[in-house]
């Protein structure tokens, strides 16, 4: 009773004696073990010493274990731990006998930070320098010898992976090992090996006690185990030459340690091993110095290093030699020289030859240097770099999958039209439709037909309009099937407009010209001087003998006729082959390519930029404009390189030609920007001249050579020369005009040289083209220039002008004579254009300056008129804050249109997904989804990624010395706002996430550029000896026999080992491995950041860490903050753990096999972590504490779906109600190496050489795919029966409609792709007509059967929900049987129906309702073809409607292939697609393999598509070893349709509350770095009741208390949102005040509040119960489901009631039965005092005029809270 008192709280001596006597009596009488221990360790006051008197240490050990368990259950106020002593082992302590022996451990140990292995990079390099002072010896303050305690401490610390000075010696082995029995057993075995024997119960004795036990028999030198550790340390970490003797010698010379003393730090050395072998002696000395300093600090002694360093660098006296010695030395030198000369003469060796060769080499080098200097001087470095060849046939990209892009674009267009049926005209509809018609095929017609069929049942005005549009598209599409694609220029003529705004800003616009018909506008011409013939703006010129080029009206009319065709019927370029150079963004050539692609041409385009930078631009161009039969091949090419020109032409005319070995047109438009007048010409100008003139001529020559070689004489290639009207008129543009003028010479060469039958010439003199890279800055003056009577062009207009020159009519004309096309728009006749442009710029500038001045004057005038004090809205920019969340699924209204399945579904057998998570190359599921469907991150995504990668952390305190709450940079501690995160960390995140180059990390030091292997070598000569321990030396002898000789070292246990000739050694070597790209977890990921304890991180495999993170986050995504909440609804045996793995714990396996073979130091119990099921075991031990089945599927790449299948099966057959499913694998170098050996993975080194980036390595369905890219990670789903999910109010992300596993046929190939999952579609022809597929039929039969059941059981309620009462159990079973037969599994009645069709029919869906297929898509040649074939065959067999293709999603293009986690990530993607109705594209599929074209039921989108609704998804997964898997998910909306409106609204309300509670918890755990909540105890507080709990199927756990209140599958209960006690009290008080019955208008009140932990109420003490609770209260509480919680509630109510009286307490021992709490109207209340309060309580209440006390009781977590309101009646 919490009542304050001033009395002394300590009991008197007499009272203490009485209590001791009472306890002694109880212990004497109650001989049962359990009761005895409870009295000992739970009673008050606590015992201080437990002494066992007997021949052995038995009872004290048992008592200590029991006390540790009892201690965990005591409140935080419990007393300290007692001391356990045995007369056998602790006689001096019992008798209080103390020894004055030398202290083995210091009295106090300094607190040290958490140990990390010493890295050599952290060691200070000590450079000895000569000193003038005399050398001084180091003398330690105390001379120590090796004690048993040192060895025990060193061995224990080494096992625990801690530094020796971080292990508290007062703790036991059991405490230090954290209760891990294997570690205790291993350490005990090592102690036995070291000391020979150990006392019984060694694990429960403090290290200090063990040291005293072992010390009397300790020899003072390391034993076998310790010597092995030292030897292994020296051989594995110290540099060559630093053996044990050398180390001891250094410690003596440097620190003055004797050999015995030096052994102590040597024993401690294995506890602080450096991360890698120390590279040299300096690093070794620095390491040893650090070791000795820590040893001295630990021992509490003083050590001062000597200034003399024992490495030969100490100060030395001058050396003096006499003359005789010098003469003798010279004689010997002459003798050696004579012998050398004689031997060289005898062998015929000219030792001057090397000097001669060196002289010649130096001369040659000098000549080359002079040549290079000359080239750099004449041409300069820029020219030399500019001619470097870049042509690389391996980097060629080819795009020709127009057939797939047509389907994707059509589906996108139809979706946009259907989604906006009111307008039904998306932007740019005409151009998009024209491009689409150019690539139309029969599949497109089927797609439109399918949409039209779907509209027939939706009659309305908008639908009728939509139907007309689709019918028109259908008609136009069918018409184009039999004609060639056409380029139609349907853009109006555009003119420039420059506007100066009121504020003085310059704005450029383009407006349609007055003449809307482009050829008509071009037919006009500029004003010509009198006497000259007027020519159109664009025209053809010819030349007569002796004349200049003149306007040719006849040829011009032909040209303009082609322009007319181009804007009406269109131009076709089908079967034409074109080479285009210089087609960069915003160029004229790029617009030409667009027209050529629209016309069906096959194009070769070159780029001078890197392929990885430019490929996207051309691929997007092809996707938009590529027509039937068109192709686009992209080549790296430098037009300034002669080699490139030659190699390009040779390839075009070679056997692998992309244009069938010839060209129809060449457009050499490549140009190099240049400026400068003649006095400033340099290498760049010469380079430009070479590219724009010289190498164009070379191209002509190379083409002529190839055509002549191949005898192609009847198909001349037209070269469209990019000429210019700028023939020096602009000036200051380098050699640009000279290059263009030089091209004119080809008009004469056509006649004077003999290549005219192979090539023809068309010179296109290009006019002012707005918007190009060159003319972009001159757009503003274009309008002024046009005022001079000329015309300027857009890029599309100039491209159209050029395309008209490439028509058959003009091509035929060019065969007779070169064509001179004047496309200048009249600009070519202006010789003073530069002056005009300058004047135009000046006029615009003057107008702009004037307008700015006017605007400033107006502003000042307005300021004066409106008063300067008038504040104007400044529109301060708002900063957005991130809203982190779990992205719960929406809970929409279930409107009409869903199938009538209410009550038909047995929800206890329907598995649903209520939570999911993943950890992969792109972070978690939310961040991966953003990058997958958006291509970038949202603000929230950036923050989550930055947190995952350790770039930011959250601070709630101070930052930079100021109070601050928010994110800070993890390195600098600088505060950073949410909106700053994307800009600051974008580059880092993108470079260190996803598929990327493999680099050594903190978790894995693997470097593929230096893959280590062992090479066997036979020794050919005796090797120099080395020193090692005796045991190791004997092991060498055992292995090598006579090839090894051992020589013991005096005064040492070590031996010197001599390796003789004939011995076989394994020498490490490093080779580069070509797999250098993988999708590893984002760099910087740290399990400790998720809240996983460091001891767990050090012990388990990384796959277990992944799983722990994912399972924790998956439960949060289900709105479950504590997994133990589930046990309020199910028995612990009904939760299954089905997590699987394909490769298992790779790092542990590597350590166990490789490192053990290499005799490296690894844990002795590592075998426990090597089992595949260990991952699931850790998840259960640390998070779940379930007793359900732990199943571990191993299905290679299909593991996750196999896990899903197992979980669904467990739920469907009723064995479990919840299952944790998924898969996890890590990246391992061994696995990667073997995958590469079978050619399953892409050779990333080769791919990088092809111009691919690491992100492009995985390209599922692409024609260039070459294998998958490996990745790592984990994916998890929380699977649950739908009934339980609805009962708990959990979010439902998707319904698992079907899972299926299949193997395959006879064969010999394990990785061969199989077709076994075709069986999921098995059915005969009659099955399609089965009446069971008619939902109306099944509804009617089901209703009739339920009516009969209700008639047979009149007591059964009319509802379809079974209540599981005894009287209605039979009816419930019959109803569930009917549900199963007519809905859940209709194949029970007709097995001929395919499983896929039946699973969809349950929800009133058909195979046509599947919208998306998430494909396994590994990016291998075989898989995509096989998988597409299997899916297409299934759809065809099931009768899927033509024109309704599945949208394929290939997630591995983004994530790579994680093996076991692949299916889980795919499944998560399916859930996200259904939630947002977005189908992400495969951005790496730049060109779809033509082998996939035959699969008419599949479309492979490259960009994300938004669709109206996704009702169902299909998922396929294939694993090596005949593992085929398929899964169908259904939208949760259909599950909601099976509920009544009232049930759904109730579910929606409770789920919304849960989501609102879970989101803040998730955000808080992110900010506090405790996302993973590791459990330290099972969900029950009383371990003794565990057995009964396991055996009772109705047992449940509520707030740590066991209850027998079973919940039915259909009973809905409100979610109790856990809150803090303070919040609960506040809410309870407000609720009470709101409901208080104020019968009297004049009343006052006083409040009392009390809070108590439920576990602190000892309901097992009958005296306590009888003294404080009345008989009625006892009867009420004992009949409650949880008596302890009920008593706790009554207790705090009594306390609160007493506090509300506001009187002085009579003592803590006062009985509380004077206050009785009864139920009045369902509300706990203190009734009228006259009959219920007694004694002192009644007197106080009566004196204060209290007439009524109202109380409210609530429970929060493991706490009971009560608020009492005492009402007084005022006079």
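Placed from the backbone N, Cα and C atoms, the Cβ positions cover glycine too.
In the three-state DSSP scheme, residue 1197 (active site, for beta-ketoacyl synthase activity) is classed as helix. The active site, for beta-ketoacyl synthase activity annotation in Swiss-Prot covers 1197 (among others).
What Swiss-Prot records for 1416 (among others) is active site, for beta-ketoacyl synthase activity. In the three-state DSSP classification, residue 1416 (active site, for beta-ketoacyl synthase activity) falls within coil. Around residue 1416 (active site, for beta-ketoacyl synthase activity), the C-beta neighbours below 8 angstroms that are at least 6 residues distant in the chain are 1197, 1423, 1427, 1452, 1462, 1466, 1516, 1517, 1518.
The active site, for beta-ketoacyl synthase activity annotation in Swiss-Prot covers 1457 (among others). Within the same chain, the residues at least 6 positions away from residue 1457 (active site, for beta-ketoacyl synthase activity) whose Cβ sits under 8 Å from its Cβ are 1197, 1258, 1268, 1269, 1270, 1271, 1418, 1419, listed in sequence order.
The acetyl-CoA binding site feature in Swiss-Prot is assigned to 1650-1652, 1676, 1686, 1695-1705, 1719-1722, 1753-1755. Secondary structure from DSSP puts residue 1754 (acetyl-CoA binding site) in a beta strand.
For 1650, 1651, 1652, 1754, 1755, the entry in Swiss-Prot reads Mg(2+) binding site, with the evidence type similarity to another entry. In this view, residue 1755 (Mg(2+) binding site) is surrounded by 19 other Cβ atoms within 10 Å of its Cβ, with every protein chain counted.
Annotation comment: Swiss-Prot describes 108-130 as compositional bias 'Polar residues'.
Taken from Swiss-Prot, the feature domain 'Carrier' covers 143-221, and the record attributes it to sequence analysis.
The domain 'Ketosynthase family 3 (KS3)' annotation in Swiss-Prot covers 1011-1531.
Feature annotation from Swiss-Prot assigns O-(pantetheine 4'-phosphoryl)serine to 181; the stated evidence is sequence analysis.
Annotation source Swiss-Prot lists region 'Disordered' at 108-133.
Annotated region 'Beta-ketoacyl reductase' per Swiss-Prot: 575-771, in sequence order. Across the region 'Beta-ketoacyl reductase' (575-771), the prediction's mean pLDDT works out to 93.
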Please report the three-state DSSP label of residue 1702 (acetyl-CoA binding site).
coil
Near the Cβ of residue 1696 (acetyl-CoA binding site), how many other Cβ atoms are there if near means within 10 Å?
29
Calculate the distance in Å between the alpha carbons (Cα) of residue 1696 (acetyl-CoA binding site) and residue 1651 (Mg(2+) binding site), and round it to a whole number.
9
For the recorded positions listed here (1197, 1651), tell me which residue's CB has the most neighbouring CB atoms inside 10 Å.
1197
Per DSSP, what is the helix/strand/coil residue tally across the domain 'Carrier' (143-221)?
49 helix, 2 strand, 28 coil
Please work out the number of neighbouring Cβ atoms within 10 Å of the Cβ of residue 1652 (Mg(2+) binding site), leaving out its own Cβ.
18
Neighbourhood of residue 1702 (acetyl-CoA binding site), C-beta criterion under 8 angstroms, separation at least six:
1646, 1648, 1744, 1766
Distance from residue 1755 (Mg(2+) binding site) back to residue 1676 (acetyl-CoA binding site), taken between C-alpha atoms, in Å:
17
Between residue 1651 (Mg(2+) binding site) and residue 1754 (acetyl-CoA binding site), how far is it from one CA atom to the other, in Å?
10
At the level of the C-alpha atoms, what whole-angstrom distance separates residue 1699 (acetyl-CoA binding site) and residue 1652 (Mg(2+) binding site)?
14
Write down the Cα-Cα distance for residue 1754 (acetyl-CoA binding site) and residue 1652 (Mg(2+) binding site), rounded and given in Å.
11
Please report how many Å separate the Cα atom of residue 1755 (Mg(2+) binding site) from that of residue 1650 (acetyl-CoA binding site), as a whole number.
12
